[in-house]
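**Student:** Annotation source TrEMBL lists domain 'Major facilitator superfamily (MFS) profile' at 1-397. What TrEMBL lists as transmembrane segment is 12-32, 44-63, 75-92, 167-185, 218-243, 255-276, 283-300, 306-327, 339-362, 368-392.
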Amino acid sequence: MNLLKTNSSFRYLLLFSITLFSINQFFLLALINITENTQNPSSTLGSAMTLLTISKIVILPISGYLVDYFKEKKILFFSSIVFVLFFLIVFWQSSFIDYSVKDIYFYAIVSGIILGMTQPSTLSIIPKIIQSNQHSEANSLFQTSSQLSQFISPSIAGFFIGNLSKSSYYLIIIFLSLFCLYFSIKMNVNYTTDFRRPVHTNKTSIAEYRIILQNSSIISLLLLTAIINFSTSGSLQVALPMFVNHELNQNTSTYGYFISIYGFGSFIGSFGSILFKKKHETLSLLLIFSAYFGFIWMIILQCLNLFFVITLLLLSGIFIGMINVLYMSVLQNSTPEHLFGRVTSVQLFFSTVLTPVSFFITGKLTSLYSASTIFSIAGLLIIFIVVFISILNKSNQYKSSNH
């Protein structure tokens, strides 16, 4: 907790991230609300969410380069201004005229672009405002604040949208955007002694992306997080509801409890990771945690006992919380500072792309296999990628020792 007391820039970053997530949740609920007045609400909402995701996917690779070129603080400052202007327009329209379907799609696209521009900066700025021996504490606090905001923001947004007029609701979002602007201004971002831009910065952007592809540690980390995200997204949101309804004979509220338990475990794991020291920030430990997580994921639905499922969901949540923190710490230690924005954007890009792919594939598999089998396949995939990366890592170490 010393980091929060001694580093004001990191405090403002946490406040910025929490506020940004709240804006996202408020806007998503607003999007759901305004589509209810269209002729085909479900179709309109589905199309809007698809456009939001696509616009975010398209902008992420570009935003990584812009972050490294213009620096994070400028991107966060500019994005905050755009958010304020964007929601001023939405506020004005809500006061005088009704939304058309085209307006809804336009708002979804703009929101996706702004989020795609902002998210890489909130991650890549961390190693530039703290010392390298504080990575675990910083990433733990960052992930913990994210988990807390996931619990709190939707409930607050739901309360406001149910009790306020549209104009008043959008005024709150405008004020949140102004807070983001204030927090971005207050951040004091300097290169620390641990991170100095290399002298040879005249490489082209294509050549710098080639540097990323040639770094086996970065590729291993990106591959690992992509597979874990791919394996868990569809399992949790498609296969688990089917298991709850058809095999446990429980209702949707039970599924909500399961997700909350998993989220609570992730919160515990993220917060507990504050105990990690610099010596713990290794790819080997990350792979060990990932293997344990994969094994738990394999067996989590093999028993119809409710207590057994809840216990393993909590345990898997704890492991995924620790994995998220340790992943960020190892990635920060493995990536040259002037490329961190691009690496972060690539990671977010694959996570964003693979999530709907995971939903689609899992949806197809549910007609062929049981939910427990789908979870087992997902867990095996995680273990397989852990073994593959371990072998690849040992091979690279062997080659390096012979040169």
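All residue numbers here begin at 1 and follow the chain in the order shown.
Here the Cβ of each residue, glycine as well, is placed from N, Cα and C on the backbone.
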**Student:** Any residues 6+ beyond the ends of the transmembrane segment (283-300) with a Cβ under 8 Å from its own?
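**Tutor:** Same-chain contacts beyond the flanks: 217, 220-221, 224, 228, 231-232, 235, 309, 312-313, 315-316, 319-320, 322-323, 326-327, 330, 334, 375-376, 378-383, 386, 389-390, 393.
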**Student:** Counting only residues 6+ away from its ends, which parts of the chain sit with a Cβ under 8 Å from the transmembrane segment (44-63)?
**Tutor:** 31-32, 35, 38, 75, 101, 104-105, 107-113, 115-117, 119-121, 341, 345-346, 348-349, 352-353, 356
**Student:** Across the domain 'Major facilitator superfamily (MFS) profile' (1-397), what does the pLDDT come to on average, as a whole number?
**Tutor:** 81
**Student:** Are there residues at least six beyond either end of the transmembrane segment (12-32) with Cβ under 8 Å to its Cβ atoms? List them, or say none.
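**Tutor:** Contacts of the transmembrane segment (12-32) (Cβ under 8 Å, skipping residues fewer than 6 from its ends): 4, 45, 48-49, 76, 83, 90, 104, 107-108, 111, 115, 118, 122, 125-126, 129, 141-142, 145-146, 148-150, 153-154, 156-158, 160-161, 166, 169-170, 172-173, 176-177, 179-180, 183-184, 186-187.
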